[in-house]
């Protein structure tokens with residue numbers, strides 16, 4: 001499945017970029033990579049047949065890596081690329097350049113051309129490459145220097161995981177106490193629990209304070225991790241814009257919402273094993289900065305358990321059913 005996704009991304013991108021070069025300052029098709037781990041990315045660039053193994057002279061002016069990997073690997077690769085020399089110097093470009101540009105949206109968004117790119121690197125290079133990115137996606141957000149696109153992606157997915165856990169826990173608790181998930185969902189979507197990362201109403205009298213507190217700590221943890229990993233304010237603003245609560249768009253309870261993975265036995269969507277992988281990246285980054293991020297490690301442990309129990313290919317919202325023992329509802 002990972003290879004299939006990479007092929008879908010790659011084939012569509014190659015076609016789109018080939019038709020976009022006329023409006024771009026780049027005179028050769030940029031080299032673009034999608035891989036599932038830092039090891040694979042390093043092998044693609046520095047391995048025996050890697051992109052950087054042609055000596056110090058390279059043909060591509062621009063390298064774009066859209067893998068979800070740790071920020072330090074992205075930063076090391078950016079340095080490696082910039083230390084090379086172009087075979088043919090074009091205008092003011094003497095050295096090849098690199099952007100880390102992980103995406104949000106998955107295969108469906110790639111096919112529809114509606115991906116969101118979170119971009120780290122030189123701002124001048126980002127501006128020069130923006131038209132290429134927008135030929136495939138609907139958004140391209142500059143996050144700051146090299147590696148900051150990777151910082152934004154792992155913090156975005158961390159917020160998504162913790163928010164899903166908070167939502168699932170609140171819905172499961174409500175079911176156990178006698179209220180239906182569909183009723184709670186209506187409350188969430190019309191009160192202060194709706195998209196807490198974007199709306200600042202805080203109603204202390206609400207019955208959903210449990211979920212509010214969880215979501216507040218979720219965003220606080222992600223902001224701190226983003227800053228400590230070198231992301232700065234740009235990364236935090238990107239997380240705030242795109243990390244949303246799931247009750248009104250990605251409900252985890254079977255039978256409450258149509259067209260989402262929970263409505264089709266958690267098939268499709270974002271696999272739990274990929275969420276676990278991204279949480280491992282977040283946990284490793286948290287350890288590097290040496291600050292307390294308890295929800296990061298809690299989410300990591302929960303999704304690791306979900307995968308170990310045989311649900312690694314199911315959408316990450318399956319945590320409602322397989323971890324919290326929540327029940328579906330009939331339409």
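Heads up, the Cβ atoms here are built off N, Cα and C, so glycines get one too.
Here is what TrEMBL says about this protein:
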- 153: active site (ACT_SITE)
- 40-144: domain '6-phosphogluconate dehydrogenase NADP-binding' (DOMAIN)
- 147-198: domain '3-hydroxyisobutyrate dehydrogenase-like NAD-binding' (DOMAIN)
- 214-321: domain '3-hydroxyisobutyrate dehydrogenase-like NAD-binding' (DOMAIN)
Notebook entry, point to check: Using DSSP, how many residues in the domain '6-phosphogluconate dehydrogenase NADP-binding' (40-144) fall into helix, strand and coil?
Noted result: 38 helix, 30 strand, 37 coil
Margin query: I'd like to know the mean pLDDT over the domain '3-hydroxyisobutyrate dehydrogenase-like NAD-binding' (147-198).
Written below: 88
Item checked: Tally of DSSP helical, extended and coil residues in the domain '3-hydroxyisobutyrate dehydrogenase-like NAD-binding' (147-198) -> 38 helix, 0 strand, 14 coil
Next item on the list: Just jot down the residues in the same chain as residue 153 (active site), at least 6 apart in sequence, with C-beta under 8 A of its C-beta; none if empty.
Entry: 68, 102, 104, 118, 278
